[in-house]
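Remarks on the structure that follows.
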Amino acid sequence: QVDPFYASIILFVGRAWDAVTDPMVGFFISKTAWTRFGRLMPWIIFSTPFAVISYFLIWFVPDISTGQVVWYLIFYCIFQTLVTCFHVPYSALTMFISREQSERDSATAYRMTVEVLGTVLGTAIQGQIVGNVVTPCIESPLIIGKTNSSVALEELNMTHDTGSLTDTRNAYMIAAGVIGGLYILCAVILLVGVREKRESSELRSDEPVSFFQGLKLVMNHSAYIKLIAGFLFTSLAFMLLEGNFALFCTYTLGFRNEFQNILLAIMLSATLTIPFWQWFLTRFGKKTAVYVGISSAIPFLIMVVVLDSNLIVTYIVAVAAGISVAAAFLLPWSMLPDVIDDFKLQHPGSHGHEAIFFSFYVFFTKFTSGVSLGISTLSLDFAGYQTRGCSQPSKVNFTLKMLVSAVPVGLILLGLLLFKLYPIDEEKRRKNKKALQDLR
């Protein structure tokens, strides 16, 4: 029940806070001393319990008439910081369990498969727990009648809000508790099952490098900037699609009771096709896989808007979108270790910047999520979106079509154009691998 404008403010401030914390955490990780658990694992161990508590408090509704916006802003920023303390070392582990490109690519494929599977699980848990709570929709004042619309709307609110909102609050908290438990379980599995190899780790530099020196070196690396730029726009495209597909199915297509299953179809399709894209990139190269994989969603995104509402067509589009989502998830993360190898060759005397590379990558992942939510919320608010409405004005339906089709297609094309500038092809990868072996 927070005003959409304030929700957007919370999201934007949270992402701005991320812009500060992500590179800082990456830098502090690079300076962490070796322990019996490794250098990265202590960050994961100590951040996990606090992250779970702050996540639960994001879904808790405080019994205060004023100050709710401040409550959510504070705990949202705290949670984002703690997730950074988990996700940056977790992602960077790829570089510190092996030096072999093929082994790191394989580890990345496994990691992204399970990460998407976790997203499916989270979507299913949250969707089924919250979806079982029946929240009646509210008819538009235009449908109720112009003369007594405000009175009727108020009566409907009074009737539905007291019971259904309490049940919805409880459902969200139960879902948060279950997902928090999964967070702890997965962190324990990671701690027990993965070991950093000290000989593979190059986190500490021979000479101390200041934060700004390291940041300048990383951000001046051309291949990294081009990869991040392409990654930013393609990620934003798919975040917009995923974030608005439920509303699009509910209001524009009229499938109010199907959207949870359609969303699951997207994520299951993504999970099942990541192994295919791993095979494809080893067979045809990573840049080719980017062009084929991500662009394959374009005709289906256009089709779902152009054709009349059809449930079968919608499921076909969901599966096709999932195939492209898999490529968008896997390929940029698979390309990042190649960029770091390229950086090492250009700066052989400079070590310990891997965590900064990964921290900015994590930041841009969360940044695109926040930007997509902010764009969606503000766009729908300006279009006249009615919270819990049984139907929406025509402007809202038009806006939803833009957010799930036209805008993502434009962003995908822009992202692929930027990927064209990315300089590390398969020949360059092989040369870098041989040069690194010679250096070692």
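The backbone N, Cα and C atoms fix where each Cβ goes, and this holds for glycine too.
Among the features that TrEMBL reports, transmembrane segment is placed at 40-61 (among others).
Summarising the annotation, TrEMBL assigns transmembrane segment to 73-97 (among others).
Residues or ranges marked as transmembrane segment in TrEMBL: 171-194 (among others). Same-chain residues lying 6+ beyond the ends of the transmembrane segment (171-194) with a Cβ under 8 Å from its Cβ atoms: 37, 41, 44-45, 48-49, 51-52, 55-56, 58-60, 86, 90, 93, 97, 118, 121-122, 125-126, 129-130, 132-133.
Through the fold, the transmembrane segment (223-241) approaches residues 290, 294, 297, 301, 321, 324-325, 328, 332, 335-336, 339, 342-343, 357, 360-361, 364-365, 367-369, 371-373, 375-376, 403-404, 407-409, 411-412, 414-416, 418-419, 421-424 of its own chain, all at least 6 residues removed from its boundaries and within a Cβ separation under 8 Å. What TrEMBL records for 223-241 (among others) is transmembrane segment.
Summarising the annotation, TrEMBL assigns transmembrane segment to 261-281 (among others).
Residues of the same chain lying 6 or more positions beyond the ends of the transmembrane segment (288-306) and with a Cβ under 8 Å from any Cβ of it are 230, 234, 238, 241, 277, 280-281, 313-314, 316-317, 320-321, 323-328, 331, 401, 404-406, 408-409, 412-413, 415-416, 419. Under the heading transmembrane segment, TrEMBL lists 288-306 (among others).
Per TrEMBL, transmembrane segment is recorded for 312-334 (among others). With a threshold of 8 Å between CB atoms, the same-chain residues lying at least 6 positions outside the transmembrane segment (312-334) that come near it are 91, 94, 105, 108-109, 111-112, 115-116, 227, 230-231, 234-235, 237-238, 241-242, 245, 249, 253, 255, 258, 262-263, 265-271, 273-274, 276-278, 281, 286, 289-290, 292-297, 300-301, 303-304, 361.
Annotation source TrEMBL lists transmembrane segment at 355-378 (among others). Within its own chain, the transmembrane segment (355-378) has Cβ neighbours under 8 Å at 4-5, 7-8, 11-12, 14-15, 18-19, 22-23, 25-27, 29-30, 80, 83-84, 87-89, 91-92, 95, 203, 214-215, 218-219, 224, 228, 231-232, 235-236, 239-240, 243-244, 332-333, 336, 339-340, 343, 403, counting only residues six or more beyond its boundaries.
The transmembrane segment annotation in TrEMBL covers 398-422 (among others).
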Near the transmembrane segment (398-422), which same-chain residues lie under 8 Å Cβ to Cβ, leaving out any that are not at least 6 residues past its ends? 223, 226-227, 229-234, 236-238, 240-241, 243-245, 247-248, 251-252, 287, 290-291, 294-295, 297-298, 301-302, 304-305, 335, 375-376, 379-380, 383
